[in-house]
Amino acid sequence: MNSVNSIRSTFLDYFQLNGHKIVSSSPLVPRNDPTLMFTNAGMVQFKNVFTGLEQRPYKQATTAQKCVRAGGKHNDLDNVGYTARHHTFFEMLGNFSFGDYFKEEAIFLSWNLLTKEFCLPEDKLLVTVYHNDDVSTELWRKISGLPDEKIVRIATADNFWAMGDTGPCGPCSEIFYDHGDEIWGGPPGSAYEDGDRFIEIWNLVFMQYEQVNKEKRVELPHPSIDTGMGLERIAAVLQGGHDNYDIDLFRALIAVSQEITGVKATGDFIASHRVIADHLRSSAFLIADGVLPSNEGRGYVLRRIMRRAMRHAHLLGAKEPLMWRLLPVLIHEMGQAYPELVRAESLISETLKLEEIRFRKTLERGLGLLSEASTDLKEGDHLNGEIAFKLYDTYGFPLDLTQDALRCRGISVDVAAFNKAMEGQKAKARANWSGSGETVTEAIWFSVRDQLGATEFLGYETEKSEGILTALVRDGEIVDDISSGQKAILVVNQTPFYGESGGQIGDSGTISGKNFVFEVHDTQKKADGVFIHIGEVKSGQARMSECVELTVDGVRRKKIRVNHSATHLLHEALRQVLGSHVTQKGSLVSPDRLRFDFSHPKSVSLEELEKIEDLANEIVLQNSEVTTRLMLVDDAISEGAMALFGEKYGDEVRVVSMGNRLEKGKLKSRWSIELCGGTHVERTGDIGLIHIVSESSVAAGVRRIEALTGTAARLYLSRQDARVHEIADLLKTSATDVEERVRILLEDRRKLEKELNDERKKSVLSGGIVKSDQEDITIINGISFMGRVVKNISPRDLKTLVDSGKKKIGSGVVAFIGVSEDGKGSAVLGVTDDLTHKLNAVDLVRILSGILGGQGGGGRPDMAQSGGPKGNKADEALAVLKASLEG
């Protein structure tokens, strides 16, 4: 039997033998066509080659391109499961010529493959040509020998292809297979062409013109070829059937869904099994290409596909998540051709299971509401749109899921009322937001989101993409264009630029159009998902709705990724060394450094910092894989994932895991697990090195570490090493002996300082170190007074001097003011015990403090101290004190 895999291989090998380059399928998320939600044809990845914007090292190519048609103008979702040939995911086989061969060789290659390689009977084939394409008509006669009645001229747009209103275009020639008169339907161009008897299996597009404008079309100097053959369709033909769902690939998937559910694919259950098999393919491939279920853009299309399949699983009586259990069969069937399925198996499986668990919680309640609301409805009636909106808003039912659930009863939904309810919710949200105190400028982003939706973020998968300008803002107002030298903000429908959040700063780079270059200085996220690109027009003029190319500064992004992953490792290391009380209180992730704030009641010792750094670097040296997955927030927390300070999370969260905990040489668990929407390295080894450069206090109970990574850390340590060698030279010792040499010097200094201090105290008491003549003992109102100003005596030693002075005079008041090298004054004043009943040392020392610029003083009645910044007024302070005693 011709299996799907063998047919694909035969096609590619055939064209390779005929001089074509086998080119891998491009991702389902187009990088070079922002007008498309998903890749839906083989030529999408070659669009810029056909238009001359891109050159490739080959002139002929062949591909097996994965495609999705669900959402946007190409939407087959509603029909999947109910027809023989509609799919959300399909493979497009194609061969392409970029200005090389043209019609004759294209027709020959296609006819030869079908009749010689695939061995299709010639009498089962017929072709169509554009009504005035005489060249193709004659070539078909010559090459195939088909009679004129099997070369059908078609005058409609079905046989003329155009890339858009302008650009490459040309006539088509379609090849049909006749399944026989036992199946209803007529040939193309007839009144019964919509039947299933004649099925198009291959479309050959002859790009020979350029549409200059609506009225003008000119010949291309180098005409090209673009062909497309649906793999599922040709497989059905080659396997002797006319229904795509009867091919080996779908039979394998449906066999497993029958086995798991215990329900045969017969009668009313055929559609459910087919929906599950088809939707598993599109879901798995979209997840593998970086799309995750969400409530916006591509992610919402994926969610709609998944939930539609989940409702059909419910119809089959499945009590547990079903789709993920079919995944091994899909990977067995398609994993060799598409290794991305194998690489992403864990992510796909977990995402499918998670989404089904999450939706199952509301599915039955929502279906109960739908059943109750539609009980009295009959065929041809409409379900109230407000009920459909409640199912959407409260129970997570996409509109098309509700429509699909009612389809078998012939009941539709009042879509206009549904849309009205949706608009009412948006208006309520706007009213609530307008009272939140945000600035007028911020209000713009809410308006943009309301009209255009959230920005599609592509930055996890790529640093370069195309997009369409959806808003230009200058001086707080939306404008139609911006010109060179003007600072402005750009909004694009999709972007690889990361918007600042979770401590990670926004990306920078360039956005360029046909006639302008815009330098992005920063990227921010506003209004729950609108990415704004802040910067300046460097040249030219940008206009609304223009197609642009967005390029992130990759070097800067790489440094940010490294630092962000390093914060995760440091966070876990802090918890292991200091304790589980450590929680993140804030962070900054920039290209130059990282900063991490955390809860801890005291400073972190040098020994602890070394342990933290060593632990983090051990994980760096593991070079273990950094993985991301989507989980329910409660499940993530229960698995030990740590949340970021100040972040708000929805029901589903992105979980980043890195590092391995090993037990007896086997993986026990991941080392660090955090909820995080930021960008990260692929492996911990990409970080290179982590070095903590400082630790400090931010607030009571909050500490901060700052660190460098990679090259920055290496250069920092290299400079530190150079400084150590310089110091060693100054000390006339080796670098390894610097620590001991410094310790000896400090000990010598301590001894010398003690000796010097002792001599100073002796000198002061003997009157040797004085600043003025006021050091003599004087009698004031019968009270002995000793006042002295001394230099470089510590407050503690001043107390010793005052005690000695009190003993020396026997009865009286002693005041010493020490002036430090930085000019500050410290005052200590003592009153002998026999005088404390009438003189208080605290009151007297405050007189000194006032002159020294201090804030009072304190102590006991017999001994008090104070100080101030104005040590140069020490003499004046003593004079004022004496005057007070004379009072």
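Including glycine, each Cβ sits where the backbone N, Cα and C put it.
Marked as Zn(2+) binding site by Swiss-Prot on the basis of sequence analysis: H564, H568, C676, H680. The region 'Disordered' annotation in Swiss-Prot covers 854-873.
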Key: Beyond the site residues H564, H568, C676, H680: chain residues whose C-beta lies within 8 Å of the centroid, for Zn(2+)   = Q504, R561, S565, T567, V626, V656, M658, E674, G678, T679
Remark   = Cβ-Cβ distance under 8 Å, sequence separation of 6 or more, same chain as H568 (Zn(2+) binding site); the residues meeting this, in order, are V656, M658, S672, E674, C676, H680
Remark   = C676 (Zn(2+) binding site) has its Cβ surrounded, within 10 angstroms, by a count of other Cβ atoms equal to 26
Message = What's the number of neighbouring CB atoms sitting within 10 A of the CB on H680 (Zn(2+) binding site)?
response = 25
Message = Give me the count of other Cβ atoms within 10 A of the Cβ belonging to H564 (Zn(2+) binding site).
response = 26
Note = DSSP says H564 (Zn(2+) binding site), in three-state terms, is helix
